[in-house]
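Visitor: Found this in TrEMBL, in case it helps:
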| type | residues | note |
| --- | --- | --- |
| REPEAT | 1-29 | repeat 'WD' |
| REPEAT | 124-165 | repeat 'WD' |
| REPEAT | 221-251 | repeat 'WD' |
Amino acid sequence: MWDTKNVLTGSADNSCRLWDCETGKQLALLHTNSAVRTCGFDFSGNIIMFSTDKQMGYQCYLNFFDLRDPQQIDDNQPYLSIPCSDYKITSAVWGPLGEFVIAGHENGEINQFSAKSGEILKKAKEHTKQINDIQTSVDLTMFISASKDNTAKLFDSTSLDHIKTFKTERPVNSAAISPIMDHVVMGGGQEAMEVTTTSTRIGKFEARFFHAAYEEEFGRVKGHFGPINCVAFHPDGKSYSSGGEDGYVRIHYFDPQYFDFELEA
């Protein structure tokens, strides 16, 4: 949530929960029929969305609750529930102004779902495999999608126009946009179940930095000895963190020369 008072979590224990950050107290509990895959607050902090997995005979749903109406929480009744029968949602974020949710699916499709009517406003099919992660730019005008098809792509949030592509040789599990530079960071590697079949040479699982405009890779940071599952920039843009299958969260602070770096066009 923008004022960081509350945090929303979704779990494979078939629940979505709202917590108070300061005290750790549980404020709301929403039960689901299958695992919760994604969740998020809209910009106002009043509306939450979460998606559930297609499993155990239940289909994938995208659910919306208004936290200002305690009845919805008590009755466990979302004001809007959108079935996604074809391909389940694997990643989702709120678009600008809380009007729609941008959802990535297991087939590589990206859809905009209206938070009012539930209809699909726009579609994009630029990826060929599952979307693993979607993260927005700081002003919400753009988002970056990380996919199993070995690429990350930059899109316009409102029009879903495809802007840039960043290519690697391995599945991309997560990608983030710098709040202050024209840079994106990406993390990935093989899938966890395939890691044991290869050597564990340190540095195989690097975080990779690309220039957002030129689509050129300009840096790699070694460290993890398992695939990187998530990456994030600090809100001030002076550091980034990565979480890996190896059980470590690594926080890296950029050197002074990083901020003066200009890619030769």
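Cβ coordinates come from backbone N, Cα and C, glycine included.
Nobody curates TrEMBL annotations by hand; they come from automatic prediction.
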Visitor: For the repeat 'WD' (1-29), what is the mean per-residue pLDDT, to the nearest integer?
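Guide: Averaged over the repeat 'WD' (1-29), per-residue pLDDT gives 94.
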Visitor: Over the span of the repeat 'WD' (124-165), count residues by DSSP class, listing helix, strand and coil in order.
Guide: 0 helix, 23 strand, 19 coil
Visitor: Would you mind splitting the repeat 'WD' (1-29) into helix, strand and coil residue counts from DSSP?
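Guide: Helix (H, G, I), strand (E, B), coil: 0 helix, 16 strand, 13 coil.
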